[in-house]
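What follows is a short report on a single structure.
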Amino acid sequence: MNSRFTSAFTPFAVSLGLLLVMTSAFPTPGPLGEDFKNDTTPGRLLLTTPEKTEALIKRMVDKISAMRKEICEKNDECESSKETLAENKLNLPKMEEKDGCFQSGFNQAICLIRTTAGLLEYQIYLDYLQNEYEGNQENVRDLRKNIRTLIQILKQKIADLITTPATNTDLLEKMQSSNEWVKNAKIILILRNLENFLQFSLRAIRMK
C-alpha cells in the first residue's frame, strides 16, 4: 500500500474503532481469470487492475438487472408500489454522505472501506436470495461468487482494515414470508439496493 493510502486510512480506522488484522504470512499471488471465476480461494492474492475490477462490477449490475427483469415478467405489479416496498424494512446496507463515495466529499480510502464492509453485510441478504429466488439459480450463484471475488480484491486495497461482521441468522428468519408478493417485493428491494450500492462503489474503483 502506498503512503497516500496509509495516511488516509490511519485516522479513519482509529476514529471508527476498526481493528487491523495482522496476517501471519503473505498470501500466494494468483492471476484473476478473464471471467473472474477461476479462483476465489480466501487469502489468495488476486492480480487485477482497476479496469478489470470495474468490468466485474458492471457485469454484476447487468446480472442484477436481468434478475429483476425475470421477476417483473412474472409479476404484473412489479416495482409499481414504492410504499409497499418501503414497508418491508430490511435494514439494507446503503451509502451515506459520510461514507465518502458521493461526488461531493469523495474520499477514496473511506469509500473503499465502506464498500467492503457493506458487501460483507450483504451476505445474509444473498442467502435469502438463494433460498427464495425462483428464477435462474445460476444467476444467484454467479452473483454471489462475483461478490466474493470483489470483496477479496477490495480487502487487498485496504490491508485488512476491516473485520467480517457476525452472521445475523435472526434476520434471515425474520425475512421469511409465506406471502408470494411480499417475498418478491423483498427480493426486488434487495436487488435494487445492491445495484445502487455497487454503482456508488465504482467511483473509488476508477481512481488509480
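Positions of Cβ are set from backbone N, Cα and C atoms, glycine also.
Within 10 Å of the C-beta of CYS72 (disulfide bond) we count 15 further C-beta atoms, all protein chains included. Look at Swiss-Prot and you will find CYS72-CYS78 (among others) tagged as disulfide bond.
Neighbour list (CYS111 (disulfide bond), Cβ cut-off 8 Å, at least 6 residues apart, same chain): ASP99, GLY100, CYS101, PHE200, SER201, ARG203, ALA204. Per Swiss-Prot, disulfide bond is recorded for CYS101-CYS111 (among others).
Feature annotation from Swiss-Prot assigns N-linked glycosylation site to ASN38.
According to Swiss-Prot, the phosphoserine annotation covers SER81.
The signal peptide annotation in Swiss-Prot covers 1-29 and is backed by similarity to another entry.
The local packing around CYS101 (disulfide bond), expressed as other Cβ atoms within 10 Å of its Cβ over all shown chains, amounts to 25.
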